[in-house]
Amino acid sequence: MTDLPDSTRWQLWIVAFGFFMQSLDTTIVNTALPSMAQSLGESPLHMHMVIVSYVLTVAVMLPASGWLADKVGVRNIFFTAIVLFTLGSLFCALSGTLNELLLARALQGVGGAMMVPVGRLTVMKIVPREQYMAAMTFVTLPGQIGPLLGPALGGLLVEYASWHWIFLINIPVGIIGAITTLMLMPNYTMQTRRFDLSGFLLLAVGMAVLTLALDGSKGTGFSPLAIAGLVAVGVVALVLYLLHAQNNNRALFSLKLFRTRTFSLGLAGSFAGRIGSGMLPFMTPVFLQIGFGFSPFHAGLMMIPMVLGSMGMKRIVVQVVNRFGYRRVLVATTLGLSLVTLLFMTTALLGWYYVLPFVLFLQGMVNSTRFSSMNTLTLKDLPDNLASSGNSLLSMIMQLSMSIGVTIAGLLLGLFGSQHVSVDSGTTQTVFMYTWLSMASIIALPAFIFARVPNDTHQNVAISRRKRSAQ
């Protein structure tokens, strides 16, 4: 990339900072949740919605981001994304109640949903095709550093300042990013087809209402009749989308995607698999802080080995899948992740804290292998004319399943916690133990889906071609 013009390199730096802000924010909040609960006068069992409100908003808004960038221009949308994300961060820091914080996180999510896909689109437009991979490697590197720094930085800020600072640090970075975007980034536009607003609204209502119904079943004031009504509305919205998308060339996601068996299996497995694995980044720091008295900073440090294991495994996952095949790798890593989850719980309950970093490192390795395999299995056999639509649907499903996973984790904590009157340390650990056992069972379930994957090892060379689009 040394032969690129200075202006292009500056534009890549802008995109890289956007990736960093978005990836940092997805992990920095986790270690601060118990402190937020105490400050806002809420039960820690309700704080999962701080994560869900952000991730669910990202899932809902993702389908519109690419169309908006083509229609309005990448500079205008990227600038808007940074401004919304920064304003959301400010409102998060100023929040005095949980409801205010949830609304601010949703505003952040609107910005976050546009930041990464529009950033990818920007790189495609400003960099020659032969240098695209090198440019994407450059701009995504800060996105890999964000999860590494996020938990420890969040714990450090909470312990030595306050939880408000995990949002305030976004403001100067966002201001600089917004100004440089206006000054340096060209406003590329493309001719677009008419946006499928009806399909977008049906999907948005279906996802949001079903997630709300799932969370409402935890005893948050919804009556059984209201929950049943929400479920009915959500199901009807999704069924209407399926009817709307039939033989509709303008549909957000073509139903032709599901004619490819590996896409259908991969998408179903990704949805079920990320529900289970999406619980872990939320539950682990909460488990360590509330169950065992770890400080926020110490709990954040414990997350670093998991990220390191994930990053290290990415270098050899292609060789592993090509050697053993998708079916064996996905079944083994799914069951392995369930076992590692039980190992983490057992190690913590026995008080072997010095072993926890090694267990978390192993968990990161297994999880990374499964993620990469799920992504590439889903996309590898799609025809070129459906690859972009399939990738967008996979991205949306990834965010949606993570929000459902965090919601279910909060539901399990509330369910087991409500069965105990006392709040001594032994009871708290018992509640977490039952929750962890349930999580391990949920994590193992997608193995039944992956067992149906064709044993086509000779086709696994496609992983090297599709991996870039699935990141």
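Don't overthink the numbers, they just go from 1 along the chain as shown.
Using the three backbone atoms N, Cα and C, a Cβ is placed for every residue, glycine included.
Swiss-Prot assigns ASN76 and GLY417 to the same side of the membrane. DSSP places the residues of the topological domain 'Cytoplasmic' (98-101) in helix, strand and coil in these numbers: 4 helix, 0 strand, 0 coil.
Counting residues 6+ beyond its ends, the topological domain 'Cytoplasmic' (159-164) has Cβ neighbours under 8 Å at 32, 35-36, 39, 92-93, 295-297 in the same chain. Mean predicted confidence for the topological domain 'Cytoplasmic' (33-48): the pLDDT average there is 84. Using a Cβ-Cβ cut-off under 8 Å and counting only residues 6 or more beyond its ends in the same chain, the transmembrane segment (197-217) has close neighbours at 49, 52, 56, 59-60, 63-64, 226-227, 230-231, 233-235, 237-238, 240-241, 244-245, 248, 251-253, 396, 400, 403-404, 407-408, 410-411.
Among residues of the same chain six or more beyond the transmembrane segment (77-97), those with a C-beta under 8 A of the stretch's C-beta atoms are 14-15, 18, 21-22, 25, 40, 65, 68-69, 103-115, 118-119, 122, 164-165, 167-168, 170-171, 174-175, 177-178, 181-182, 185. Each residue in the topological domain 'Cytoplasmic' (33-48) gets a DSSP state, and the totals come to 12 helix, 0 strand, 4 coil. Note on the topological domain 'Periplasmic' (246-262): DSSP counts are 7 helix, 0 strand, 10 coil.
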